[in-house]
Amino acid sequence: MQYLILSLIFLIPSLGMLTGLSIAATVLFFLLIIVITELISFIRKQEFSKKFLIKLYPRFGFDDIFCVKNRIKTELLFIAWCFISCLFTIHPINSLVTFTKVFALLFLRFVNNVVTFQNILYLKNSLILGIITAILLFFIEYSSHGFLTRMFKTHFGLYMLDRGCALLSITTWVVIIILFSNGKNINAFILYIVVLYLLSISDSLASFVGFSIGGIIFILARLIKKIFFKLITISLITGSLLFPIIAKQIDPHNLSEKYLATKPSAAHRLFIWHFVANKIIIKPILGYGFASSKYIKTSDNEMIDYRGEKLHPLPLHPHNNILQITLELGILGLALFLCLVYKYLKEIDNIKISNFRAASYSCFINYYIIGMISYNIWQTWWILSGIWILVLMKLLVKPDIIIDN
């Protein structure tokens with residue numbers, strides 16, 4: 001079973017580069033294997049009934065259940081509001097199904113808090129090899145116009161590697177932390193430059209922007225560490241609160257013609273954001289309900305006429321996590337979401353080792369920015385990508401932090 005986990009840690013980033021859609025399946029399988037491994041271990045020790053429940057949250061026992069509740073009360077409030085919003089959404093049944101799926105995945109992450117493994121060095125090496133393989137596979141596909149992809153698909157477009165690039169950009173930060181922990185600072189810098197170049201020639205603008213800003217965040221977190229938490233918190237929360245207002249005020253036609261004439265996909269984003277901002281004004285407090293974006297009706301006169309082409313103003317989701325939260329859950333949901341953002345930034349700031357803290361900030365911002373530009377916040381593969389990073393941090397990074405502290 002440990003060999004299987006070792007193989008998956010290698011395969012998820014490398015296989016994910018070629019077939020981004022497989023990320024959801026492979027990461028979910030990875031999490032289930034970890035849980036099964038731990039269950040088998042407890043059963044063999046005949047300690048399953050009590051210790052499994054205790055180790056769901058390692059620092060607390062049965063007598064401290066209320067402490068656990070208080071520790072995750074912000075998460076519980078957010079989950080409760082998401083559930084309540086399912087009751088008044090456009091399609092309650094569909095929203096409840098999505099709600100169940102999303103928070104079942106998040107609970108699976110919670111259960112994975114119990115996991116500990118021996119031979120961590122092998123797991124680290126497997127992840128590093130997986131990242132190197134993913135990089136090589138990208139350049140093979142890029143230079144050969146999808147030689148490997150066309151073996152099992154009829155055509156190839158560079159956009160097919162977008163999900164793999166997104167996964168690579170956030171997973172690379174875990175490897176950078178590992179390299180720093182081993183004193184290989186130059187190797188960490190080289191890896192960052194190589195991945196940055198890869199993303200710059202890819203079709204994934206969101207990943208490139210997120211990874212680039214992540215690098216800037218790393219430097220700032222090291223240089224001004226005393227005030228960095230306040231700076232990043234104020235910037236992130238203020239920017240998130242202002243974004244719906246900015247999206248309402250922009251002129252997408254004018255901006256698209258001036259700056260995005262050669263990037264139709266990015267231009268379409270501006271129209272989507274402007275449309276969503278106008279929809280938010282109609283139901284600003286409560287929103288339209290959990291996972292309701294793709295069910296919001298649009299009339300013919302709301303269709304976008306851009307360069308003689310008709311574009312949909314809201315195709316499935318807003319392509320921006322802040323706008324999606326505000327649209328679906330209202331200002332109440334956005335406030336709870338930003339409380340979670342503050343909480344997780346504070347937890348990162350509590351890390352004592354400077355390089356670990358800086359790289360963790362970078363990874364968080366990288367993930368946050370990609371979500372601000374591209375993906376549906378409730379998308380299974382994107383949620384699992386975040387869980388994948390958290391589990392890697394727990395398995396491969398946290399033991400080093402504890403030892404160093």
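Cβ atoms are placed via backbone N, Cα and C, with glycine included.
These come from Swiss-Prot:
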type	residues	note
TRANSMEM	23-43	transmembrane segment
TRANSMEM	77-97	transmembrane segment
TRANSMEM	120-140	transmembrane segment
TRANSMEM	156-178	transmembrane segment
TRANSMEM	201-221	transmembrane segment
TRANSMEM	227-247	transmembrane segment
TRANSMEM	270-290	transmembrane segment
TRANSMEM	322-342	transmembrane segment
TRANSMEM	353-375	transmembrane segment
TRANSMEM	377-397	transmembrane segment
**Chain residues outside the transmembrane segment (227-247) and at least six past its termini with a C-beta under 8 angstroms from it** = 217, 220-221, 273-274, 276-277, 280, 320, 322-323, 326, 334, 338, 341-342, 345-346, 349, 361, 365, 368, 372
**Prompt:** Counting only pairs 6 or more apart in sequence, are there at least 3 Cβ pairs under 8 Å between the transmembrane segment (156-178) and the transmembrane segment (77-97)?
**Reply:** no
**Complete:** Per the Cβ filter (under 8 Å) with a sequence gap of at least 6 from its ends, the transmembrane segment (77-97) is approached by 103, 286-292, 295-296, 328-330, 332-333, 336-337, 339-340
**Request:** Run the contact check on the transmembrane segment (353-375) against the transmembrane segment (201-221): 3 or more C-beta pairs under 8 Å, excluding pairs closer than 6 in sequence.
**Result:** yes
**Prompt:** Taking a Cβ cut-off under 8 Å, which residues six or more beyond the ends of the transmembrane segment (322-342) line up next to it in the same chain?
**Reply:** 74-75, 77-78, 81-82, 85, 89, 233, 236-237, 240-241, 243-244, 247, 273, 276-277, 279-280, 283-293, 296, 368, 372, 376-377
